[in-house]
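Here's what TrEMBL has on this protein:
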TRANSMEM  73-96  transmembrane segment
TRANSMEM  117-137  transmembrane segment
TRANSMEM  182-202  transmembrane segment
TRANSMEM  373-394  transmembrane segment
TRANSMEM  414-436  transmembrane segment
ACT_SITE  H511  active site
TRANSMEM  554-573  transmembrane segment
Amino acid sequence: MSSDSSSSSSPTTSLHQLAAAAAAAAAAATTTPESTGHAAKRSKRRGKFSDLVFTRNFSTFDRQNALAASSPFHGFFTLFWLGISLFVIKIGAENWRQHGNPLGRNEIFRIMFHRDLVVLLIADGVMCLSTGVSWVLQRHLVRRGVVDWDEEGWVLQNIWQCLFVAGVVGFPLWRDWPWTHTVFFVMHGMVMLMKMHSYAFYNGYLASVWKKRQLLLGKLKELEHVEVVTKHDPNRSWTEPFPLLPRDLSTEHLSRVPSAQEYKERRKMSIAAQQGADGQEGENDVAKIVAAIDSHEPLNEEQVHVFERALKWEVDAMTDELRGKATDDKRVYPNNLTLANHYEFIVLPTLVYELEYPRSESINWYYAAEKMVACFGVIFVMIMISQAFIYPVVMETVRMKEMGMPLSERFQYFPWMLADLIFPFMMEYLLSWYLIWETILNFVAELTKFADRNFYGAWWNSVSWDQFARDWNRPVHNFLLRHVYHSSISAMKVNKHTATLITFFLSACVHELVMWCIFKKLRGYLLFLQMFQLPLVSLSRTKWMRNRKTLGNVFFWLGIFTGPSILCSLYLIL
């Protein structure tokens with residue numbers, strides 16, 4: 001994921017790689033349990049972080065994808081790259097005729113490489129290594145009980161994340177880096193921030209589950225020594241919520257995390273799952289059982305039997321959550337809290353932490369080399385386009401400001417500037433997407449044997465902005481869906497619409513922060529445009545637009561065409 005900042009196009013083009021991903025929340029209603037009706041009320045306990053499923057698949061344009069290879073539009077894909085090649089050759093020939101150099105005046109290359117390149121690489125490496133602070137917190141503080149995750153643990157994590165962001169933003173400002181260095185470092189820093197957050201909050205949740213599981217195992221041991229009376233106490237009603245199941249029970253199998261085979265053979269229904277979709281009533285029943293055991297009052301045989309069965313159900317359900325999607329016992333919590341596991345996640349092309357991902361059997365080095373060559377080729381094309389069509393326009397605005405031209409006169413230049421930028425920005429937009437989500441992420445996935453290559457969907461067919469957000473950038477969409485949208489609902493007890501607003505606003509603030517780092521001024525243009533997607537999403541769901549897919553797609557492409565160039569023009573002119 002470090003590739004998110006590798007683009008050599010204009011700064012605003014790079015920012016739009018993540019800008020629309022906040023609209024993931026608008027579509028979250030279609031992926032939440034409520035949307036599936038009664039099917040959501042499964043017999044199996046639903047874990048807090050069980051919302052995503054990773055499977056083996058290929059990206060849409062990858063040659064290993066059988067559907068892409070047999071697509072009736074494959075010839076248009078070939079035509080696109082042939083046209084790009086001829087276009088770049090024409091630009092190079094024109095530069096050679098005018099400047100004696102295929103790269104023209106070569107300003108962008110000089111900006112990228114004239115200073116602090118080694119410092120940038122070292123700083124980036126240190127930044128990636130510093131994510132290990134989250135591992136130290138989980139392994140040596142939360143896991144060992146030094147701090148409680150539900151109390152001071154998550155506070156410490158958030159304090160560290162704030163310090164991390166301050167360093168990521170402050171270091172480029174202190175070094176006075178050019179925008180190319182700043183875009184790479186800040187955007188990569190945001191990627192590392194999301195990875196740390198996902199790692200810490202998933203493992204923090206599992207630490208809380210582990211702690212509760214150990215408590216219930218202790219209560220099961222205490223239950224073996226409780227005083228049993230033969231006469232039923234009419235004042236007690238503990239057995240009423242729990243059905244009696246006819247079989248002899250043993251607590252020996254609960255003293256350890258089971259193997260994968262044992263786990264498959266004995267998945268049980270938890271009390272929380274029986275008592276309703278939210279599990280609140282079931283959790284209260286378990287608390288009553290624990291309180292009854294802690295009271296050390298005598299229990300009759302029926303109560304002991306029911307308590308034992310209820311606690312075992314709950315412990316089995318917690319064991320289910322601690323195992324997650326892991327098939328190897330070495331990855332079951334807390335066995336996953338190793339330094340190697342943490343940094344393995346840091347380099348994987350995903351922002352959402354799981355105990356285990358689908359992996360390929362081997363590395364295809366020819367395929368990896370192909371993606372690497374494609375990566376550098378696309379970057380070269382982007383530099384050529386930026387140098388020929390974007391850089392001269394940007395420098396003209398700088399010249400106008402240096403001449404002291406008043407704002408009213410500069411603003412008269414705005415329509416012409418917009419017209420000059422709209423097509424090169426569109427080209428850079430498409431190329432930056434292809435660079436990151438098709439070449440770089442597939443390259444990293446191949447080297448790490450990461451088998452889920454579902455980095456994007458058919459976003460070009462979008463008829464609304466929420467559909468675009470789901471398909472344009474799947475890794476960020478998944479992060480926002482799990483750690484912002486769903487977390488807002490569960491932690492803050494807000495409804496779906498409020499959670500959507502929170503997700504949009506948080507994402508917009510982060511992107512506005514990045515714009516401030518690049519342009520050294522706070523204007524709010526990107527924040528406004530991103531928040532404006534909310535009414536556009538509502539408009540796309542009206543009766544007038546719902547079945548007009550072609551019209552919706554036209555509006556979508558108009559936004560893609562005009563958005564980046566309008567944004568850049570506003571920051572440059574005003």
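Any Cβ shown, glycine's included, is placed from N, Cα and C.
Under 8 Å from some Cβ of the transmembrane segment (73-96) lie the Cβ atoms of residues 61, 102-104, 380-381, 384-385, 388, all in the same chain and six or more residues away from its ends. Within the chain, the transmembrane segment (373-394) has long-range Cβ neighbours (under 8 A, six or more residues past its boundaries) at 3, 6-10, 84, 88, 91-92, 94-95, 103-109, 417, 420-421, 423-425, 427-428, 431-432, 434-435, 438-440, 443, 572.
H511 (active site) has a Cβ environment of 23 other Cβ atoms inside 10 Å.
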